[in-house]
Amino acid sequence: MSDSKDELIRMFFDEEAILFGRFILTSGKESNYYINVKKLSTKPRALKLIAKLMAGEAQKRGITFDRVAGPELGAVPIATALALETEKPLVIVRKKPKGHGTGSQLEGEVKAGDKVLLVEDVTTTGGSVLRAAEVLEREGAEIAAIMVVVDREEGAEETIGAKYTFLPLVRVSELFARRKEPQKE
């Protein structure tokens, strides 16, 4: 494990971004834990690290892309930081088309044939990020890969991986393995 990835995992605990209790997830599933990536993506140091890790992973895997996109709300700061890190234009995918103005479901420009690196904060089943991919593809974009900060390992990798390259920075099993390790003073 890289030092940077190790640092990101440590940040989840330092920032208390893993909560235990009873939670209903975006997927509709009930869970006894919640991964709150927003606690990290609202902290400049953590957000920079996430962007650096994502850019490095894309480069390591040979993933080329013209634009960075993320679905609202959780992925917007992540996509923004990655766009700044890579100097690629940003696209924000709305959950629903605007009811005013242009009525667009996208903020930012996508041209036919653009390769888009689509990012997400957390995946469970992958439904939210797949809906965003469909919106981008309707505009003519090609999804270069889907990258996520944390995969909960509840089916997203299989579902997304059936059609796209799926790259989680951290799997929930890696977070929980760290939780069980003795903490360094």
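Quick reminder: no glycine exception, Cβ is built from N, Cα and C everywhere.
As the structure is a computational prediction, the values presented were derived from the model and not from experiment.
Taken straight from Swiss-Prot:
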- Arg94, Lys95, Lys98, His100, Glu120, Asp121, Val122, Thr123, Thr124, Thr125, Gly126, Gly127, Ser128: 5-phospho-alpha-D-ribose 1-diphosphate binding site (BINDING)
- Thr124, Arg152: orotate binding site (BINDING)
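Recorded residues Glu120 (5-phospho-alpha-D-ribose 1-diphosphate binding site) and Arg152 (orotate binding site) have their alpha carbons 12 Å apart, per Cα-Cα distance. With respect to Cβ neighbours within 10 Å, the binding-site residues Arg94, Lys98, Arg152 differ, and Lys98 shows the lowest count. Secondary structure at Thr124 (5-phospho-alpha-D-ribose 1-diphosphate binding site), as computed by DSSP, is coil. Separation of the C-alpha atoms of Arg94 (5-phospho-alpha-D-ribose 1-diphosphate binding site) and Arg152 (orotate binding site): 23 Å, rounded to the nearest whole number. Long-range neighbours of Ser128 (5-phospho-alpha-D-ribose 1-diphosphate binding site) (same chain, six or more residues apart, CB within less than 8 Å of its CB): Thr26, Ser27, Pro71, Glu120. According to its DSSP assignment, Lys98 (5-phospho-alpha-D-ribose 1-diphosphate binding site) is coil. The binding residues for 5-phospho-alpha-D-ribose 1-diphosphate are recorded as Arg94, Lys95, Lys98, His100, Glu120, Asp121, Val122, Thr123, Thr124, Thr125, Gly126, Gly127, Ser128; their greatest pairwise CA distance is 31 Å. Separating the Cα atoms of Gly126 (5-phospho-alpha-D-ribose 1-diphosphate binding site) and Arg152 (orotate binding site) is a whole-number distance of 10 Å.
In the shown protein chains, 27 other C-beta atoms lie within 10 A of the C-beta of Gly126 (5-phospho-alpha-D-ribose 1-diphosphate binding site). Here the CA atom of Arg152 (orotate binding site) lies 30 Å from the CA atom of Lys98 (5-phospho-alpha-D-ribose 1-diphosphate binding site).
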